[in-house]
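Student: Quick one: the structure is below, and I'll ask about it shortly.
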Amino acid sequence: MSPNGSDRSPRRPMRRKLLQALTAGLVLATATGCTYKDFPRLGMPTPVTEEAPRILSLWQGSWAAALATGVLVWGLILWATIFHRRSRTKVEVPPQTRYNMPIEALYTVVPLIIVSVLFYFTARDESKLLDLSKKPDVTVNVVGFQWSWGFNYIENVDGSTGNAKTDKNLAAIPDRFKEAFPANAGGVYDVGTPGTRNPQTNNPGPTLWLPKGKTVRFVLTSRDVIHSFWVVPFLMKQDVIPGHTNSFQVTPNREGTFLGKCAELCGVDHSRMLFNVKVVSPERYQQHLKDLAKKGQTGYVPAGIAQTSHEKNRETNNL
């Protein structure tokens, strides 16, 4: 009985508040902008490459594990808070669990198991996603600079002359990447500015064209600071680092125009460092390269900064 003579339990208001909080959380969850088709993807974009479903599956598994862990931890916290809070009528010392070896072992082993499982799946998928053993059908040198993008299409195109393996503008790219370049690839390029817009969609930034169903290798270089190359529906991004060359491969399997952006804060106009990716048929892709050559955009724009300092010793052009 409470001091004022009422027999109303003090726990009832707490339970009522908890029920109200759970109801509000359910309303907020159902009021999001996601459709029922988006829920299995947890709000992530629809994959448009052969590699993207692996990334989506990794994220789904990680979020499911995090949610299960969170529900367990939150449940224990709420359970202890609601049902084991200090009594107003009894003063007693709660049971002590110090030096309880089974409980302490459980606290240690369970987190280790969770981390080990997450590490295994992450390492397994990362090794597959970054595997460059397959020879690419198309190679594109993506050049990041403040504050736009350049795209060097390393291809044999009618009207272009030169050799990508010896071109001075590509000197910053290590030889281990040049080995996969086509022989005598004169190449064509496209380059944007922060004010560039796609004439068809009016989306900001230059447009990178890719052929559907072909393995595309991106060789990422920077002229100035660290950028990050992110095509949103690819579900993958990679840093573009001055003095260090990164690379990954994808196989687009869906035609369309997709948005890309720099995902690394790189200066005042970082927010304008946008681009588009247009996936088309292989025939339309080849025609686009010929159109660039007719415009006089043959050869290559400077790829970036040559590797220096300890990076030069670790990964040189002679590898």
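Our numbering is plain: 1 for the first residue shown, then up by one each step along the chain.
Placement of Cβ uses the backbone N, Cα and C atoms for every residue, glycine included.
Bear in mind that the values here come from a model prediction, so they are computed numbers and not experimental data.
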Student: Going by the Cu cation site in Swiss-Prot, where Cys262, Cys266, His270 are listed, which of the candidates His84, His227 is also part of it?
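Tutor: It is His227, as the record lists it for that site.
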Student: According to DSSP, does Cys262 (Cu cation binding site) fall in a helix, a strand, or coil?
Tutor: strand
Student: Go through Cys262, Cys266, our binding-site residues, and report the one whose Cβ sees the most other Cβ atoms within 10 Å.
Tutor: Cys262
Student: Between the binding-site residues His227, His270, where is the Cβ count within 10 Å the lowest?
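Tutor: If we count Cβ atoms within 10 Å for the binding-site residues His227, His270, the smallest count is at His270.
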Student: Would you list the other residues of this chain near Cu cation - those whose C-beta lies within 8 angstroms of the C-beta centroid of His227, Cys262, Cys266, His270 - in sequence order?
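Tutor: The answer, listed by sequence position, is Gly144, Gln146, Trp147, Val225, Ile226, Ser228, Ala263, Glu264, Leu265, Gly267, Met273.
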Student: Counting only residues 6 or more past its boundaries, what in the same chain has a CB within less than 8 Å of a CB in the transmembrane segment (101-121)?
Tutor: 58, 61-62, 65, 69
